[in-house]
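Here's the structure, in structure tokens; my notes come after.
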Amino acid sequence: MLAKRIIPCLDVRQGQVVKGVQFRNHEIIGGIVPLVCRYAEEGADELVFYDITASADARVVDKRWIADVAEVIDIPFCVAGGIQSVAQAGEILSYGADKISINSPALADPTLISRLADRFGVQCIVVGIDTWFDAASGRYQVNQYTGDETRTHITPWQTLDWIEEVQRRGAGELVLNMMNQDGVRNGYDLMQLRQVRERCHVPLIASGGAGTMAHFLSAFRDAQVDGALAASVFHKQIINIGELKQFLAAEGVEIRLC
């Protein structure tokens with residue numbers, strides 16, 4: 001059995017780490033490199049970086065800080081933000097990223113997934129999915145351009161259908177960003193995760209809602225996800241990654257200990 005992964009998420013805007021609630025009202029957390037060093041020291045398995053306004057601004061992620069991150073850590077990291085071509089992805093990987101993630105650009109052009117997978121291998125291609133539960137319809141819907149409140153909109157894709165589509169096109173890993181739970185710290189949406197797990201045959205990462213160590217345990221034990229991503233509980237030092245891993249190991253979760 002592969003070890004479960006603990007993954008801090010760093011939303012980046014204008015060269016700084018920020019964090020919002022339900023993808024809105026972002027506050028500045030601090031500089032990228034100091035947080036990166038702290039998470040690596042605490043025992044993070046990998047890191048994910050989202051340049052949250054890149055797609056909405058029609059630009060690609062700033063590569064200068066990617067090189068800075070690669071210089072100071074030796075754990076894998078994934079970068080997302082406005083990647084719309086094979087050439088752009090290759091450049092980001094050349095600066096030191098281990099994986100690239102696409103979200104809104106994949107919705108705009110689903111063939112991008114297969115082109116990237118063909119060029120770099122499926123193990124390198126992550127698709128992020130921003131999913132919102134619409135109480136009126138009772139459905140989970142995929143959202144696009146969520147880094148810009150003025151441009152965020154619901155797409156025609158229902159989440160489970162998009163899950164299957166991106167796998168057909170070559171996604172090697174999925175990150176499910178559960179927008180209703182984001183930043184609220186009331187736990188992951190286990191019902192949605194279980195539904196997605198039934199359709200998802202590649203590694204699945206849960207994102208949105210972690211507030212306690214027990215929430216991570218529930219995601220691993222009850223939804224069988226491969227990794228758990230979180231931001232605010234790590235940024236604000238509510239949970240220490242090393243202590244979280246000790247807790248999970250004591251509960252029988254296969255996890256890499258420092």
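Using N, Cα and C of the backbone, Cβ positions are placed for all residues, glycine too.
Summarising the annotation, Swiss-Prot assigns active site to ASP11 (among others).
In the three-state DSSP assignment, the secondary structure recorded for ASP130 (active site) is strand. The annotation active site is assigned in Swiss-Prot to ASP130 (among others).
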Among the active-site residues ASP11, ASP130, which residue has its Cβ surrounded by the fewest other Cβ atoms within 10 Å? ASP11
To the nearest whole angstrom, what is the C-alpha distance linking ASP11 (active site) and ASP130 (active site)? 14
